[in-house]
């Protein structure tokens, strides 16, 4: 028997072709963790209006951001997995996706068949929210296999240090009028129902400021992006903040995206293209993004250390239980 670690990210279409994007969006947007609406109401809307109109448009965005090796989210997630495996040579480290391939259930079963007694599940999302973690939990639980979860790491000192260092390095490169910490938004109904996401996002911003007091707090803004559908989502929205900053004469901005640990459609298309164009069209000058963790070996080592800590805590709990 040997320890196992399953890293999980959101997923990506198999290709940027419209049919593959449509299949991916159908799986993603059919998850009740993502869309809190009765299926009898939501599915006709999804299949009849949203998928036919959104799939081809999203496909063009994926085509623009696709790397020669494949989806950026998959490519960078695989790189992280390989680096974590190198840091944990005695472990079985694998990668799965909530939607698309590799499948969570099949990967977890393969790990157990390979001798992993109780794999650790580590979603690659610093902050916990039902919309990302709910589907992971359901798929893992459906296997009936023993496991443990690391549900968030937004408050881990090493993670905050890594994030704060990236922000500070980028901030020093130019004179910025504002630094926006932009997190993926979620429906406000989830927060009302007890989802801790907003609290954890705000805590992340505050922790970075505490780690780097040289960063002017009066320039820092917390915002949210990637809203989908007509329901109210967490505000303020990044796009609106960008336009308002220009109106205030703040034309040089730095954007940080802590909820995305790797480049994906939201960073490469929504931010680098759409939000950049909005900002420039409004009269803004400099629009820069702090790079996500991507292939940062320090981040991969942090994930490896986090898994070791979890394994040691589990072993200690088992030992204590056997003695009592």
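Each residue, glycine too, has its Cβ placed from N, Cα and C.
Lifted from Swiss-Prot, the feature list:
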type	residues	note
BINDING	184, 266	Fe(2+) binding site
Residues satisfying Cβ distance under 8 Å from residue 266 (Fe(2+) binding site), sequence separation of at least 6: 184, 225, 226, 257, 260
Residue 184 (Fe(2+) binding site) CB neighbourhood, other CB atoms within 10 A: 25
